[in-house]
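Undergrad: Sharing a structure here in structure tokens format.
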Amino acid sequence: ALALLGGSASVVVVWKWLGKRQIQKKIEEARRTRDEGVKKMAKAVQQFREQTPSVQTDAILSMPLLELTERLREGSLSPKAVLYTYVEKALEVTQQTNCLQHFIPECEEQLQEIQRQREKGLLYGIPVSIKDHIGHKGHLSTCGLVQCLDTLVQEDSVLVKVLKKQGAIPFAMTNVPQSLFNYDCSNPIFGQTLNPFNHQKSPGGSSGGEGALIAGGGSILGIGSDIGGSIRLPSSFCGLCGLKPTAERLSCLLNQDVCSHPAPVPGALGPMARDVDSLALCMKALLCQEMFRLDPTVPPIPFNEEVYSSSAPLRVGYYDTDGYFPLPPCMRRAVQETRGALQAAGHELVPFSPPRIHYVMTELFLKTFFADGGRAWLDVFTGGIVDPGLKPQVNFCKIPKLGKKLLALILKPLQFLLLLKLKISTCRSVKEMWNHHHQIQAYRAEFIAQWRELRLDAVLCPVLGPAFTTGYPGKLLTAISSTMLYNVLNFPAGVVPVSTVTEADEEELKLYRGCCDDPWDRTLKQAVAGAVGLPVAVQCVALPWQEELCLRLMKEVETLSREK
């Protein structure tokens with residue numbers, strides 16, 4: 001009938017309208033479900049408060065994780081009091097920052113379960129928040145995509161099973177950017193998450209909900225994931241400690257990731273917390289026989305407490321810029337000050353220059369994710385809507401190959417670096433893909449050889465920051481070279497806050513020109529402006545499978561920065 005009245009064009013218009021209406025209904029239903037869950041948890045907290053008015057909320061929230069676990073294990077604090085204290089605080093934080101996807105009501109069942117366990121695990125009674133795509137039975141793992149709103153997870157991921165075995169209580173799932181491919185934190189379903197220290201700023205991403213919740217005090221320990229900096233960037237933006245382990249050190253089985261595909265640059269799960277000791281305890285708890293049993297692909301390497309607790313001087317390589325995307329002055333200052341503090345403490349600091357970062361960024365990292373020109377990534381948006389923060393990348397991927405070549409040709413005489421940052425290489429054949437994999441392996445060997453030649457234990461280097469104004473991360477994908485490098489290498493890398501942005505940093509930022517004062521450099525300058533008082537962090541790196549050594553350097557940096 002529509003075709004007869006208005007022709008095929010009318011059919012298309014009406015069909016699109018009906019599709020959008022259906023999508024909107026799904027989004028409204030997801031939000032309604034979340035809001036109902038919030039109300040139920042708020043009611044449960046109120047009932048608990050009425051029954052036990054003497055609980056010292058501030059004392060519980062201020063305890064470091066190690067002290068809290070000790071108090072829980074000895075029985076001077078009850079798991080119920082700790083759980084509801086953190087649920088109450090999480091309600092407050094998410095109201096301010098929109099950091100939660102939803103609460104996990106089964107946390108009350110887990111509370112009963114741990115009290116029946118014969119042995120108290122290393123995380124007995126500890127409330128833990130988890131990133132949206134880490135599978136929890138009976139809940140959505142959306143990746144911020146409408147197409148994932150119809151399917152509930154059928155089984156706990158291996159990591160969640162191990163957390164529960166160690167006595168932890170998963171109690172909340174946190175917000176993420178759409179498709180996880182952004183270091184802002186916004187999606188069309190649950191909206192924009194804000195930085196708890198400044199609501200004009202982003203908490204980072206893609207583990208941005210975790211960053212906001214922990215930094216706001218609503219969680220003491222969280223689990224994020226990282227494939228380009230998604231643990232380390234929220235940790236930098238929110239003033240937290242975060243560790244990206246070697247990819248295979250922790251199990252990723254049974255996690256939801258609609259964008260996953262075989263790639264030579266693997267993602268990793270890792271902990272986020274307020275201090276380094278919390279990260280170490282979490283790794284020690286997860287690297288247990290239960291994880292090795294549930295996922296035989298995880299190497300059975302328990303946590304090496306001796307390496308982490310050692311006080312022997314370290315030989316540390318350092319650099320304050322990778323030469324690809326110059327970071328704001330405050331981030332370079334942080335590395336220089338930390339280098340001086342480490343030297344004064346008796347460690348040996350050696351200049352180190354990571355090789356060929358331009359090549360790594362354009363030919364190795366971007367080529368891994370856009371080997372098909374971005375078609376697989378674009379497919380996840382089919383029939384859905386695109387978050388404004390992702391539109392720059394999505395629109396660029398939609399440009400036909402010929403159009404991209406013409407654009408590069410036009411821009412070449414104007415800005416060579418601009419051309420480099422726009423260029424996305426693709427693999428045109430299976431042979432070319434195999435060669436790409438070989439190039440990554442060859443680069444890893446080259447990097448390790450340079451590391452070995454200098455006899456380094458670890459490396460100190462910058463991380464992107466301070467927190468960007470919301471909306472800017474989507475415009476600056478290539479600014480993540482500082483973190484991306486260690487995903488390509490598959491090295492463990494962690495972030496530690498060491499300072500805050502000063503008025504002097506803000507003044508120096510006005511003189512920032514970046515690499516060649518191109519549009520990307522000017523955009524970075526705008527993104528980080530107005531950050532006085534926000535956290536400033538550094539990054540610590542070790543060789544593969546040496547997470548304990550990475551944490552050891554992080555702990556040393558943390559101790560020295562707190563003394564200062």
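For all residues, glycine too, the Cβ spot is worked out from N, Cα and C.
Annotations for this protein, taken from TrEMBL, read as follows:
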- LYS131: active site, charge relay system (ACT_SITE)
- SER206: active site, charge relay system (ACT_SITE)
- SER230: active site, acyl-ester intermediate (ACT_SITE)
- LEU180, SER206, ILE227, GLY228, GLY229, SER230: substrate binding site (BINDING)
- 82-551: domain 'Amidase' (DOMAIN)
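Situate these features within the shown structure.
TA: The local packing around LYS131 (active site, charge relay system), expressed as other Cβ atoms within 10 Å of its Cβ over all shown chains, amounts to 28.
Taking the Cβ of SER206 (active site, charge relay system) as reference, residues of its chain lying under 8 Å away and at least six apart in sequence are, in sequence order, LYS131, VAL176, PRO177, LEU180, PHE181, ASN182, TYR183, CYS185, GLY224, SER225, SER230.
When other Cβ atoms within 10 Å of the Cβ of ILE227 (substrate binding site) are tallied across all protein chains shown, the result is 25.
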Undergrad: Return the residues near GLY228 (substrate binding site), defined as same-chain residues 6+ apart in sequence whose C-beta is under 8 angstroms from its C-beta, sorted by sequence, else 'none'.
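TA: Same-chain residues close to GLY228 (substrate binding site) (Cβ under 8 Å, separated by 6 or more) are TYR183, PHE365, ILE480, THR483, MET484, ASN487.
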Undergrad: Give the mean pLDDT for the domain 'Amidase' (82-551) on the 0 to 100 scale.
TA: 92
Undergrad: State, in Å as a whole number, the widest CA to CA span among the substrate-binding residues LEU180, SER206, ILE227, GLY228, GLY229, SER230 given in the record.
TA: 11
Undergrad: Sort out the sequence-distant neighbours of GLY229 (substrate binding site) for me: same chain, 6+ apart, CB within less than 8 Å of its CB, listed by position.
TA: TYR183, VAL463, LEU464, ILE480, SER482, THR483, MET484, ASN487
